[in-house]
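Database features (TrEMBL):
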{"type": "ACT_SITE", "residues": "D73", "note": "active site, proton acceptor"}
{"type": "BINDING", "residues": "D73, G74, N146, E147, D176, T187, G188, Y189, S190, L191, S192", "note": "NAD(+) binding site"}
Amino acid sequence: MKIAILGKPFDDEAAPAIQALLDDLAARKAEVLIGEAFRTFLDNRLRLPEGTTEFRRGDSLRGVQYVLSIGGDGTLLDTVTYVGSLQIPILGIHTGRLGFLATITPDRIAQAIDALYKGHFNIEERSLIRVDTDPDVFGSLNFGLNEFSVLKRDTSSMIVVHTYIDGEYLNSYWADGLVVATPTGSTGYSLSCGGPVMLPQTNNFIIAPVCPHNLNVRPLVVSDQSVISFEIEGRSTSYMLALDSRSLPVEASVQIAVRRETFNARLVKLNHVNFLSTLRSKLNWGLDRRNPAGIQL
Ligand SMILES: NC(=O)c1ccc[n+]([C@@H]2O[C@H](COP(=O)([O-])OP(=O)(O)OC[C@H]3O[C@@H](n4cnc5c(N)ncnc54)[C@H](O)[C@@H]3O)[C@@H](O)[C@H]2O)c1
Ligand SMILES: Nc1ncnc2c1ncn2[C@@H]1O[C@H](COP(=O)(O)OP(=O)(O)OP(=O)(O)O)[C@@H](O)[C@H]1O
């Protein structure tokens, strides 16, 4: 089996579990490819499977059956950009802090790899958001798993985001910015803006203003079949556009439209974890002490 690994540096505590993973892959005679920066981190720290090769951004991952993402949610968001339209299933291993998207903890790695080899898992299709801009801003990496956002950049003044749905005028948001989130992103930035949590398969976007200076303005749920377009205005001439963890400055004259990407991200889902259990354990919904003992996080 051909397996690619992307990752962020991890601390000493996680090292034995990652070594056990690499040994397991070696014993199974997997063909292992490791992202350049992570390989540099691993070299001289851990023993790699014989014949391990390295890949860089832009190298094709065609033929790879699974991608392991080792780090936190930020690493998983980055991994999605490496996989792109190939839609290779991604298994998120969590050596970080929250791990909302990357759900496999180090003590469950061996079980997860065994499940991969036996086919004992489900694939969760997660929609992506795509942004098209004129002039071009994000190049070929113009899609994200969580959200697209427009944000003020270098003044304390608000910005005005004139927003249209399928060409029809929606509103002009006077705010610090505006977020358009996928169902996956509904538990990220959008949640901090008062947006609702959406289950992964709900085929919608959330349009959520960041600190709107109009108390009547609320986050709005829109079909992901719609095209949402924007014009930006404000005292500054320069703003920030962001897709997940990536952000770039733009001039106010930029034309922006977002829509659902034609391909999805595919996350490997093992039996013991699902979106609902993650809400209870990672967003602490399950910590209500009034719940009867025995109800599981
Ligand atoms: N005020 C905010 O809440 C705020 C501000 C900026 C970015 N973000 C989120 O951070 C994401 C980028 O992640 P990063 O790790 O590169 O940045 P980061 O280092 O700023 O960390 C953001 C935190 O959000 C968590 N997170 C990311 N995606 C999530 C999701 N879908 N559901 C629940 N939690 C999630 C991460 O685990 C991390 O703890 C963005 O896509 C955005 O959703 C949130
Ligand atoms: N050089 C480093 N050495 C040790 N740990 C690191 C280093 N760089 C990143 N990390 C840790 O790796 C983890 C994963 O980073 P990542 O950006 O993927 O996570 P995150 O988006 O903060 O999500 P989460 O909150 O789920 O960890 C983080 O906890 C971060 O502290």
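Just so you know, glycine gets a Cβ as well, placed from its N, Cα and C.
Among the recorded positions D73, N146, D176, G188, S190, S192, the residues whose Cβ sits under 6 Å from any atom of ligand 2 are D73. Taking every pair among D73, G74, N146, E147, D176, T187, G188, Y189, S190, L191, S192, the residues recorded as binding NAD(+), the greatest CA to CA distance is 24 Å.
Here D73 (active site, proton acceptor) is positioned 24 angstrom away from D176 (NAD(+) binding site), judged by their C-alpha atoms. Set side by side, the recorded positions D73, D176 differ in how many other CB atoms lie within 10 angstroms of their CB, and the most is found at D73. Sparsest Cβ environment among the binding-site residues N146, S190, S192 (other Cβ atoms counted within 10 Å): S192. Counting Cβ atoms from all protein chains shown, G188 (NAD(+) binding site) has 21 others lying within 10 Å of its own Cβ. Of the recorded residues, D73 (active site, proton acceptor) and G188 (NAD(+) binding site) place their C-alpha atoms 10 Å from one another.
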